[in-house]
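S.K.: What follows is a structure written as structure tokens; I'll ask about it next.
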């Protein structure tokens, strides 16, 4: 029979002694019956324990620990109840959030399903990105594009064919040239569909050799300008006709805008005051007003209505480059910026904008439709969005791997007189796109 050693017996005695001095706190309900039971157990514990503390002190300690246990129990119950109510509140919030999100998604799907915005034509032929585009105001109505491949081109809006090409020089001058084109016969609908497929296949080859020849190389090329406008000391980045068609204004990277007499090529005024390069210029459709945009985060309004006084007003409100500012038919100016905002201004109150549109990407050269005053926003992130003058978003033009712009969208221009293609955009994917915007349906969705 094994004999227990003295050291092990002493260790066991010490362990039992520590165990008898340990205190266990148990969770209990505060009923009278259980309270009496606990009190009886406490007496038994007090009688059976070998302690040098007085009996009264030991009893007080046990009472205090019992109170602590009951406090912890109450806190535990409160936490359980709070957790349950929080869970119910979270469930309600989640249900409401899902319902509101479903409504938003459903509204976008409804707009897309009604085909409010459709691509009708792609104008492909430039060998580099397209910076700017415009639609002629007189007959024959054609689409004009200006590209980084040092050329400008005229296009048939209905067929998408390149009609004429002009070789630019890039020598800090502005050129005026006359054109004579014969619009091609509009092919049947089946031929138009085949034409669009061919153009799409060509535009997909955007990563090819930039020096290759495109469709524009096969059309007549004008190499001599009718009028050359000089005096700038930097790149001429934009130009526009003043009302009446006898004067033109140009904007340059030399921080100045020039006003020229077209017939004599005479420099009439040099508009200075911007602190950095100009990015855009625009004239009022019916008044002798000019607005210039700059990288100095401002745009300026120049008033030539009084021949003796040429006033200028400075608009401050953007925090980055103002990429464009355009007039509306009324007394408003709309400005877009690299700070991802578009602001609507009242010419009678220049201190603050009357509406601000905040977006997720830099905004390039915007345009406003004359009749419905819808703002078309081309973005750096390949998107094109439509807003009204109050800042309400109307639509986002469709874009996928097979349609829409695949690189930065540089410019937009409206042409409401055309029943089919009433909006045009261009970008650095080397193509311009003609869109059909169902404006009545768009405004109905609003």
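Residue numbers in this text run from 1 along the chain shown.
Note: Cβ is positioned from N, Cα and C throughout, glycine not excepted.
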S.K.: Which range is it, out of 1-50, 51-100, that shows up in TrEMBL as region 'Disordered'?
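M.R.: Matching range for region 'Disordered': 1-50.
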S.K.: Count up the helix, strand and coil residues in the repeat 'WD' (123-165) according to DSSP, in that order.
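M.R.: The repeat 'WD' (123-165) comes out at 0 helix, 22 strand, 21 coil.
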S.K.: Mean pLDDT across the repeat 'WD' (315-355), rounded to an integer, is what?
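M.R.: The answer is 94, the mean pLDDT of the model over that range.
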